[in-house]
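Peer 1: This is the structure I want to talk about, given as structure tokens.
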Amino acid sequence: MQRRPCLPPKPRTVERKVEQDPVEVFCCIRPAEIPGQEECIAEVDSRTVKLTPPNSSFAYRNGSAKEQLYKFERVFGPSSSQKELFSQVAMPPVSDLVNGRNGLLFAYGVTGSGKTYTMQGTPQDGGIICRTLDVLFNSIQDYQASRFTFRPDGMNGFDTQSEVEAQNDRRKAAATPRLRPMAGGRTTRGRKDPPGSQDSSQRIPDTSCINSVDEDNVYSVFISYIEIYNNYLYDLLEELPETGPSSGLQTKIIREDAQHNMYVHACTEVEVKSPEDGLESSRSHSIFTIRLLQAPLDAQGEDVVTDKSAIVVSQLSLVDLAGSERNLRTKAAGDRIKEAGNINNSLMNLRICIEILRENQETGGNKKIPYRDSKLTHYFKNFFDGDGKVRMVVCVNPRSDDYDETLTVMKFAELASEVQIQRSQPARRDLGLPPGRRRANQLFKEVRKKLEDEVEGAGVALEVDLAPIYSLAPDWPVLTSSTPGGLEEVISRLKAHLRKRLQSRERLEKNFWGTVAAMRSGIAEMEKENLVMKKELTSMRALYSDAMGRVRSLENLLHNAESANESLQRKLEDQAFLRDECEAVKEERDMAKVQSQIEKQRMKTKLRTKLEQEKMKLKSTLNTELHHQKSKIYQSQVKALKQALFSNKQTVPTAPLQPSTTSSSDTDLTAIPDKTPIKASTSDPKLNMTPASHRDLMYGLTISPLRNNPAAQPPSSQIITKLKSSDFTDPRTTNYCLTTQEQDSQGELEMKLFKGEVLPTAGVGAQVVLRDVEILHQRDPLHHQSTPNCKRSSTEGTPLQDRGVWGSQKRPMV
Ligand SMILES: Nc1ncnc2c1ncn2[C@@H]1O[C@H](COP(=O)(O)OP(=O)(O)OP(=O)(O)O)[C@@H](O)[C@H]1O
């Protein structure tokens, strides 16, 4: 069977001038939603629109916007009617369909631009789908084949059935209750049906019709209705059981038939006999396909030629594409994002295919067109390869908010209109049958009926008189006794006539028996052939059923494999989706982790700062306290020293300058190896020192009484204490100075300055640590003069004091 106009193989190497048609692009501007709204598109003339960027558009904001004109085959403004649009846009493809050519018509545009309205319309004012069915049935109504004359063979082809088989099927169909009507008209996208689309009583049908219908054919219309959702195919006419669990619509796969046509495997195709039958299931937002079957009548114009190869199938797909920008403006999430992503991927792939197609045509290149990257383009591959005419209706909502998306749509339309599609060949097949068979047969039937009605027993009267063909001779001669020549003449004429008759009879008899013999031998031959044929047929049937069994099992295997593949693909996609989600969650967690680390670090810094502040505060409190204590101690020590110095006592208590409150637990004190007072003899006015293991040394002091007048006094020690209390922030820097004076018999005065620090102990006590000693010598000038040999220090002669010259010698304390 010829499924459809089988295209001649497309030439690859042989150059041949092929006729091409451009993709025809039309523009339909819907009326404004709100009267007086700001609009971005205007109809310039019947073929041109002007697109003006509004201030709010992205293109305007980024400075790339400018006013632009776009050309179309035809522009339909807001006031155009559905009828007008249908006549210009869809009538030619309907005519092509009737004449055995394929066609694809799709509506493209942003959400809410009127694609569904254009394809379906309203009950009172039908859209392209309704009008297509109307016109088609108006045109073929009288030539329709009876139902079930053709049956889909499951491989994108059709089988012809005998009238008896068709009748059986009709009986069965009438007895079987109808299942849930065509998947309930549901679409997986869950869009709304156009108002009143199910109420056929309100419908105002289109009355146009195509005149070029071949009357010597019979016609059958089959429709299918599929939807591509999330890049999966669903058969929306799939019958679902009325009761019981329903697992919903199964996904379908695309296959290629023997003629390399793409088709949806196991997709329901419903034979429809009227527009209403078709519209019952035309609430489509997707691909509504009409397939028209044409088969010629036999020579008598009575029956359909049952030869499969005589059937011609043409197809018209009416497509309502999904809006292209859903996710951008709807702020979709979750499944909606996936859906929007798939919609955009499909449309993007459609654009890519068209772009490469155009590029190949322009450059003569042979770049691979990625039709198989999405179901939408895969399904329509044949059309772009030249299997039918492609038309596009670009639907536009004029509102300014849609400008950016409309601009993209316009660019795509411009691109599509530059693509050339190879013109498909008409699908007629000449079987050498005379035209007008149907008409002649009809006339014959009409005349016979008329005669039957007029004359009783007209059946006999209508028998063809074959007498002239088989007569033995011309009519008997009229012979009478008055014939000139007399009786003799009559007898001789009769004899001649009889001789002729005898000859004719012999000839006829001979012919007859010859024919009989030929027929007999023919029949015998035929019988023989028949026997052979019967045998062959039996073996062929066996082979055929074997082959069919194998085909079926292979088909099942293939189907299972494809289903498994499909489900694996789904799983893969789900996994990929899950993986993406997991990655997103992981990313979120990582971010949270980093955030918490930053938070921790901040807390740490904050706590450290607080700790430092607390420490400083504590330190300053302690310092204040220490200072206070130290002041107290100093005062008491100074007091004690003063007392010691001025009380003329020989010794002052040898205890270190710690208050008695110093506890044994004092850590600094424990570091002092020996707390035993260091005694100094009165004869040795110098201070006795006991080195400690500690780096700093602590000294017990034995202090000689201070003479008020050293000159008058015998050599002795004089101690002057000096405290500098300017800096108490660090107790270690508190200066402490002890001075001893000694005058020898030559009158040289030696002064020792012990420099040290007063250090706090761990308790509230303090200790004196001497670090340096400076010795100053002063010689009495008077004495010096009398003793010229006396030695002088290196600094001698430097007038340090009024009283004489001081030499200094610094010795670091160890
Ligand atoms: N030419 C028009 N005249 C009157 N109403 C229209 C026209 N075009 C669209 N509408 C109305 O606008 C609304 C949206 O139109 P429609 O559903 O056809 O848009 P769509 O492009 O198919 O959207 P989606 O992409 O979401 O399917 C509908 O209510 C429809 O009736």
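Quick reminder: no glycine exception, Cβ is built from N, Cα and C everywhere.
Copied straight from TrEMBL:
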BINDING   Gly109, Val110, Thr111, Gly112, Ser113, Gly114, Lys115, Thr116  ATP binding site
REGION    154-209  region 'Disordered'
COMPBIAS  197-209  compositional bias 'Polar residues'
COILED    551-604  coiled coil
REGION    652-689  region 'Disordered'
REGION    780-814  region 'Disordered'
COMPBIAS  784-798  compositional bias 'Polar residues'
Peer 1: Excluding Gly109, Val110, Thr111, Gly112, Ser113, Gly114, Lys115, Thr116, which residues of the same chain place their Cβ within 8 Å of the centroid of the Cβ atoms of the recorded ATP site?
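Peer 2: Once Gly109, Val110, Thr111, Gly112, Ser113, Gly114, Lys115, Thr116 are set aside, the remaining close residues are Arg30, Ala107, Tyr117, Gly323, Cys395, Asn397.
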Peer 1: Go through the binding-site residues Val110, Thr111, Lys115 and pull out the ones with a Cβ less than 6 angstroms from some atom of ligand 1.
Peer 2: Thr111, Lys115
Peer 1: So what pLDDT does the coiled coil (551-604) average out to?
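Peer 2: Summing pLDDT over the coiled coil (551-604) and dividing by its length gives 90.
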Peer 1: Mind checking which of Gly112, Gly114 has the fewest other CB atoms within 10 A of its CB? They're the binding-site residues.
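Peer 2: Checked Gly112, Gly114; of these binding-site residues, fewest Cβ neighbours within 10 Å: Gly112.
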Peer 1: Using a 10 Å cut-off, grab the number of neighbouring Cβ atoms around the Cβ of Thr111 (ATP binding site), all chains included.
Peer 2: 17
Peer 1: Could you find out if DSSP has Gly114 (ATP binding site) as helix, strand or coil?
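Peer 2: For Gly114 (ATP binding site) - judged by DSSP and reduced to three states - the answer is coil.
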Peer 1: Check each residue in the chain of Ser113 (ATP binding site) that is at least six apart in sequence and keep those whose C-beta is under 8 Å from its C-beta; list them in sequence order.
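Peer 2: Once residues fewer than 6 apart are set aside, Ser113 (ATP binding site) is near Arg30, Gly323, Cys395, Val396, Asn397, Asp402, Thr406, Val409.
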Peer 1: At a 10 Å cut-off from the C-beta of Lys115 (ATP binding site), count the other C-beta atoms across all protein chains.
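Peer 2: Looking across every protein chain shown, the total is 26.
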Peer 1: Counting across all protein chains shown, how many other Cβ atoms sit within 10 Å of the Cβ of Gly109 (ATP binding site)?
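Peer 2: There are 29 such Cβ atoms around Gly109 (ATP binding site).
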